Amino acid sequence: MSQALNESANSIGSDEQDDTREEANGTDHSGSGSGSGSSGSDSDSDSSSGNSSDGRSSPEPEDKSLSVAGFPPTAAAAQADSKTNGFTDDQEDSSSDGSSGSDSDSDAEGPSDQRNQSINNANTSSSLPKPEQNEEEDNETEAGQQQPASDASADESSDSSANVSPTSSSSSSEEEEEDYRPKRTRQARKPPTAAEKSKKAPAPKNKKKTWDSDESDESEDSDDEVSTAQKRKPAATTSRSKLAQQQQRRRVKPFSSEDSDDDDASKRCATRRKGAAVSYKEASEDEATDSEDLLEFEYDESQAATTAATAEEEEKCETIERILAQRAGKRGCTGNQTTIYAIEENGFDPHAGFDEKQTPDAETEAQFLIKWKGWSYIHNTWESEATLRDMKAKGMKKLDNFIKKEKEQAYWRRYAGPEDIDYFECQLELQHELLKSYNNVDRIIAKGSKPDDGTEEYLCKWQSLPYAESTWEDAALVLRKWQRCAEQFNDRESSKCTPSRHCRVIKYRPKFSRIKNQPEFLSSGLTLRDYQMDGLNWLLHSWCKENSVILADEMGLGKTIQTICFLYSLFKIHHLYGPFLCVVPLSTMTAWQREFDLWAPDMNVVTYLGDIKSRELIQQYEWQFESSKRLKFNCILTTYEIVLKDKQFLGTLQWAALLVDEAHRLKNDDSLLYKSLKEFDTNHRLLITGTPLQNSLKELWALLHFIMPDKFDTWENFEVQHGNAEDKGYTRLHQQLEPYILRRVKKDVEKSLPAKVEQILRVEMTSLQKQYYKWILTKNFDALRKGKRGSTSTFLNIVIELKKCCNHAALIRPSEFELMGLQQDEALQTLLKGSGKLVLLDKLLCRLKETGHRVLIFSQMVRMLDVLADYLQKRHFPFQRLDGSIKGEMRRQALDHFNAEGSQDFCFLLSTRAGGLGINLATADTVIIFDSDWNPQNDLQAQARAHRIGQKNQVNIYRLVTARSVEEQIVERAKQKMVLDHLVIQRMDTTGRTVLDKSGNGHSSNSNPFNKDDLSAILKFGAEELFKDEQEHDDDLVCDIDEILRRAETRNEDPEMPADDLLSAFKVASIAAFEEEPSDSVSKQDQNAAGEEDDSKDWDDIIPEGFRKAIDDQERAKEMEDLYLPPRRKTAANQNEGKRGAGKGGKGKQQADDSGGDSDYELGSDGSGDDGRPRKRGRPTMKEKITGFTDAELRRFIRSYKKFPAPLHRMEAIACDAELQEKPLAELKRLGEMLHDRCVQFLHEHKEEESKTAATDETPGAKQRRARATFSVKLGGVSFNAKKLLACEQELQPLNEIMPSMPEERQQWSFNIKTRAPVFDVDWGIEEDTKLLCGIYQYGIGSWEQMKLDPTLKLTDKILLNDTRKPQAKQLQTRAEYLLKIIKKNVELTKGGQRRQRRPRASRANDAKAASQSASSTIDAKPHDGEDAAGDARTVAESSNSQVDPSTASPHNAPATEQHGDPAKKAKKSKARSKKTSASDNNGNKPMHFTANNEPRALEVLGDLDPSIFNECKEKMRPVKKALKALDQPDVSLSDQDQLQHTRDCLLQIGKQIDVCLNPYAETEKKEWRSNLWYFVSKFTELDAKRLFKIYKHALKQKAGGDGEAKGKDKGSSGSPAKSKPNGVTTEEKEKERDRSGGKKKKKDKDKERSGQARYPETGIPTSGRYADPPLKRKRDENDADASSGLAGAPGGGIGDNLKSMSFKRLNMDRHEDRKKHHRGPDYYGGSGPPMGSGSYEGGSNSRRQGPTSPSTPRTGRGGYDPPPAPSGYTPEMERWQSRDRYSQDYKRDRYDGYGRSGGGQGSYHRERDRRPEKRRYPSGLPPHPYSSHYLPPNYYGLPNGAVPGLPPPSSVYRSDPRGYPVMPRDYPADYRRSDYERRTQT
């Protein structure tokens, strides 16, 4: 292989890096690089990695995983390297390396730091482990033994670009700095002092054999620490299993930013000394030291010597960080000789000329390119597996994973198509270039000498890598390869041109002198254009006049160059050397760096970017001279986020100038970004913006107030002066603003710029698009008919769906355009037939390709970019792509690749927004706008990517518009809106100075500038012609491109147009339109002409009735037909995707670009209207929209909200911490109040949930899962724990009470409460506690890094030290919590020892009564805890005059221990209560809907299923459609008995499927869906739903057989379950004993004598004694008769026995005996968990009530949950259809949140189901009482695997259904509450 190829291979590798770091050794190491030029240490040929055996002072790079953006999944997998997920093998590395981990900072930005955004860093141990553990872990890992995280999980996570270690907290772009932990490394070390040089290595330490690596957390960096460690007694040996347990016992802190806050300390836990637990109790002064407090000491010198020797050997071992590539190499061509610099020095590559095919296998070996941890990329070596094992390299697990990934990649290549491979290779090329740049020094930042031999070395920052990855390199090597970097470093170190606050021109500005010719100091070969020289002179003139200004030149005129030349002129002419602060967007950072290098080479420009470690290095080495403390730099280049994150540090300087690029981000004067930057001490301010000041006059004032606060003091004064400028003219406004704003446009200043010509190409839809278009309109006919009464959001969503249809039919139904397995031509034709635009684009691109043009294609929708990318691949057109998902270096590489000279790229795909800022693509001369933006301004920005300085050809703009569609109307109306409503920028005079001319409506710049009337007219446009067009079945669209181009509407740019691009591009109306009456306005006439005709017509006229009826008939027929078709392969969601997407509230898979706008919106025909009406059920409602905040911003806000005391009063601090400085404070305060109120309301509604669940918790895991689920609240699309959030508020509140709010007062404040001293490795006392509390108040708890960097807190040398010394973050968190508890206790004592007292029972009773009355429904929406519930139950039971339904006051799940009193009285009251039920208020019968965040509201009671519900029922019952079909069609040749058996068998199969479908639902929803599904089944037979269910239940009992009875009896005797009375009240032990008496036996015998015919008169099913009534049945029947007397009319029955047979009570009774007989095997649990009959339940699985049991009695349900005690006030009928919601909240509630809802009055019934609570079998609404049921398994009814003997229809195997119907997973946490099937006592 040639040398070039070898160098190339040096950089190719995977996309991930290891999470670990090489340890910082205790001694100072000698040795330089391993290159030939290194002095002294290169002769060590035994060094296995080619490096000095005892290491070198090379800082290890930051933990990162390089994201290969844009890769397909297979490509990403192919790119993944050998790294595990950071736990298995990386834990081994971290244990053996002992480095202190470092989290990536949230603000990891910058061109050299871009990839930090897709990086996760694992936190490794904080102590130096001992060698025994190192060897043990190495051996175990290499032997295949798994660490606590399995290799499988490691492999899975290694494919992603951001791997999260199970023991590390995530460090995504939203991660905060609080998760960062400094790592102990050798990087960025200062030159050692003489004392350090003379310091000897620590003597070997002797230890006893029991001393384990995890027992020591002391640093061994000094002799003092060594001696300290020797005096300590070794702790007992900690086994590996115990270590794992310690890791699993990590507790989540309430202040954690995420649930895994504390994970960053997990690995440290594995290596910390097992010392005595630290008590933070207040120590009494008279406490004496007990003998037990003293540690015994044992010392084994021989063992210590052995340990030291082993440790020394281990230190010489290198660690694999990454494996970059693999090759078949010549045996022996490994090690140091394969480094880049060794090859260059030797002049040959030892591997050159090697031919694998011609070399014998004996001379060939597999070799791997290794990136060594702690060494830069130039030290990468090729190694074989043998050499790695010989050198005892750590991290060998990575090698195994890498080999595995290589095999997977090879497999993928064999089966992948050529297009996929080609795309993958292109991405690999970009990756290759990026890795290659890592071998080049970007900048030398420090110089030092090695401590052993005094050899010079340089601290080098590498290209495309952050400062944190800087490494010390041998001076000889650096000088040989990067001489220029060394010279530049020396120049900077010796420069006299450094900032000084005494510079005269800062105080006394010089007289302005015009620069007529380009100055000599500007780089040779670079020339400023005339208008740029004018701009430079204007900037200098403004500076001399002390005017801060706004440079508002149009995009593409070189504002960046003018600004840099301005600074360089101050530097050279006026000797003002800074400091200058340039705040620029991250996307333009690379461009700014390049321009500074070109135009101002003598200025020392420092890019202040990266994570906190990088910024620390900058502050240490780049900020100031060590000796004089003078500033080193001239200019700081940074971003908004960084400058605000470090605003206190940066705010200490007096800046000579502040420059803000993209300054329109400062248009809101209420944002924290604005306020923070405004506070900076600056001598001059310059705002740079290329976007016209487009919204309102106030935004213009905000910018002017920022630069000149004295001249533009208040908005009120400015508005008074210029508010009426529109009427009186702009002369006065222009005169006032002229000195402060400069705006030129290209046509005025750049005469040489080629013209820009726009053509609108109108194209017809294909037949498929027309079909979908009409289908969407027809589906939404009901919504469209509402007209102005309709919902704006509904109209907008329909428009968006139609826009997607105009783009491509695949956006409506992606499943119809699957290209996998299709031939090349066939796949291409499949794509083309879905879009008329694509047909035209295909012809247009082919022509442009032939003529040598290069094309930019813009689209709003990322999914459309996916389709276009598929098309370009099929056409083999080389292209690049840029959308919001492609960031950092990959973005730069794509731009450079396209703009490179001789580039073969033909197309560049861009999203309209991602491609709108800071991108120069002037090498393209054609722009195709595939779909126009709502706002034409965005399209203008897109066009400016190509039409800018440097363009040599005419720029052709092709805007594709679908004719006679909403799209055409949108374009037309957008032009009018932008002219009429947007703010027009006019020329002020011939100088080109322009300004915003009028105050207007800021809302017009929103993403949707149209109101409801506009949307209605847009929808009607072209619709009538479309429906009249009957040629929908035409063949392929005929597209004559020549004819289309000839007919195209052409808009040539007119240089003489006196308005800006906005007007010149559209030529719709002149400026006079604003001064004339509306009736004379041309634009008004156009608007009327466009919309009047369409708007006058009704949708009934537009969409023909026959077409609507045909569509409806087709849909109904299709619904029925689907029931009998074979199962489809597509899932239920896909089957109705188009239907729901275009019809009832469907929402496609959202794909958003960088701005979050490229989404497929949910269609809103059933959405919430403007009147706030709820949505229909059947589809998930759209998530709550929090105006102005994305989900990511909400997460950051909530995370920061939990960190600060009194958060509602600390919004500014929260905004800074959450990086929301641009948001107005009023909006943030509104959001904070909303967050707080929502938590308070939620906890008020669920105030008893915690105590109730606490009674049933058995395991910590169960408690944690339940807590998360029970208290989970949503704000927007973000879920959070309401209880934890309020707990954080309460725990931090005392700090707010004692801490002064003013910074000056905080400096004087002292914490004077006595505390126990912590066990830290630094001096820590009251002063440090005081500063820690001040830091928590100022920065929030957990923001330890900010506290460390704040010089006023003086904690820099106390916390987060770069070694293993405490305190680290975990210790600080513990200390902070301890101090907060002490403060809380002190505050309470100060207030008089107030304690929270328990409420008296009377108040609870009153509350219950009030709650019952206020709900005016069958149930209080708020679940109660046990104690309150008992009080409620007693109150209601004892209230003789109460007319409230007993269920109203019934608790959710009351403990049985609360039930006291005389059982006889209880029975009497219960009977009376059941009688009162019939006389309860009618409101009690109305079903209610309960939502966590809203008041209960009545459900609409319908007479039939909603269509969306019907569709869902149809899909759920699809597996048994044959049984449904056969249900009412038995074979007439069969006897009556056989036909009856046939019906039973069908119902068994159907009922079983219903049970399977109900499994995934919360208990509160099971009742409703059971009702819906049985009602759906009733449509296939003449029987009603109740009757069908009754037959099904009876068939289940008959099917169970006699053996079930015996088993049931056995189970029944296994325990003593609690007995339940008919009203559900759980009895005491005495009643249980009585139930076991002989009287019970007699009752049972009596009940058995009753015939089945009497009990089931309608079914005609013969029954025998074994199906006789269960015990207590007669008493229940009496209650039934009492409660139901006088009511009749139930289907199939009347009064008396008929009515009884239909009652729930009877149904539950009948089921009881059979359920005892039925043996529930493993299928009951879906294959897992104990069988119900195994004795895991006391009293057997069929216990109706679990009474109070003794502590020794085992009562464990499935999954380790104990069944809870029975509720009081309980009646069986409450639960049959009304048990809901496993978590007692709106879990999955939103899916059906509007179904059956009505505000109607009383007396309405739902399919005759809502007669009375005890007679309502299938209520439509929510239950009268939210009982939660025990989990019902799929095979509960005794049909194993769906097999029914003798069933004529074929049985369905539900578990393996291809549509993936929900089945209870193996480890699903069982519902811990009682089911409605376990209601009655065991007999």
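Backbone N, Cα and C define each Cβ position, glycine as well.
Features as listed in Swiss-Prot:
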type	residues	note
REGION	1-293	region 'Disordered'
COMPBIAS	39-56	compositional bias 'Low complexity'
COMPBIAS	114-128	compositional bias 'Polar residues'
COMPBIAS	159-172	compositional bias 'Low complexity'
COMPBIAS	213-226	compositional bias 'Acidic residues'
COMPBIAS	236-247	compositional bias 'Polar residues'
DOMAIN	318-414	domain 'Chromo 1'
DOMAIN	439-501	domain 'Chromo 2'
DOMAIN	540-710	domain 'Helicase ATP-binding'
BINDING	ASP553, GLU554, MET555, GLY556, LEU557, GLY558, LYS559, THR560	ATP binding site
MOTIF	661-664	motif 'DEAH box'
DOMAIN	840-991	domain 'Helicase C-terminal'
REGION	1074-1185	region 'Disordered'
COMPBIAS	1106-1121	compositional bias 'Basic and acidic residues'
REGION	1246-1265	region 'Disordered'
REGION	1390-1491	region 'Disordered'
COMPBIAS	1393-1402	compositional bias 'Basic residues'
COMPBIAS	1437-1451	compositional bias 'Polar residues'
REGION	1505-1606	region 'CHD1 helical C-terminal domain (CHCT)'
REGION	1599-1829	region 'Disordered'
COMPBIAS	1613-1622	compositional bias 'Low complexity'
COMPBIAS	1742-1755	compositional bias 'Polar residues'
COMPBIAS	1805-1817	compositional bias 'Basic and acidic residues'
REGION	1848-1883	region 'Disordered'
COMPBIAS	1868-1883	compositional bias 'Basic and acidic residues'
Residue counts for the domain 'Chromo 1' (318-414) under DSSP, helix then strand then coil, are 42 helix, 26 strand, 29 coil
Looking only at Cβ atoms, how many others are within 10 Å of the one on LEU557 (ATP binding site)?
25
Across all the protein chains here, work out how many other Cβ atoms are within 10 Å of the Cβ of MET555 (ATP binding site).
24
With DSSP as the reference, give the number of residues of the region 'CHD1 helical C-terminal domain (CHCT)' (1505-1606) in helix, strand and coil.
80 helix, 0 strand, 22 coil
Rounded mean pLDDT within the domain 'Chromo 1' (318-414) lands at 86
Collapsed DSSP category at LYS559 (ATP binding site):
helix
With DSSP helix as H/G/I and strand as E/B, how many residues of the domain 'Chromo 2' (439-501) fall in helix, strand and coil?
22 helix, 20 strand, 21 coil
Helix, strand and coil residues within the motif 'DEAH box' (661-664) as assigned by DSSP
2 helix, 1 strand, 1 coil
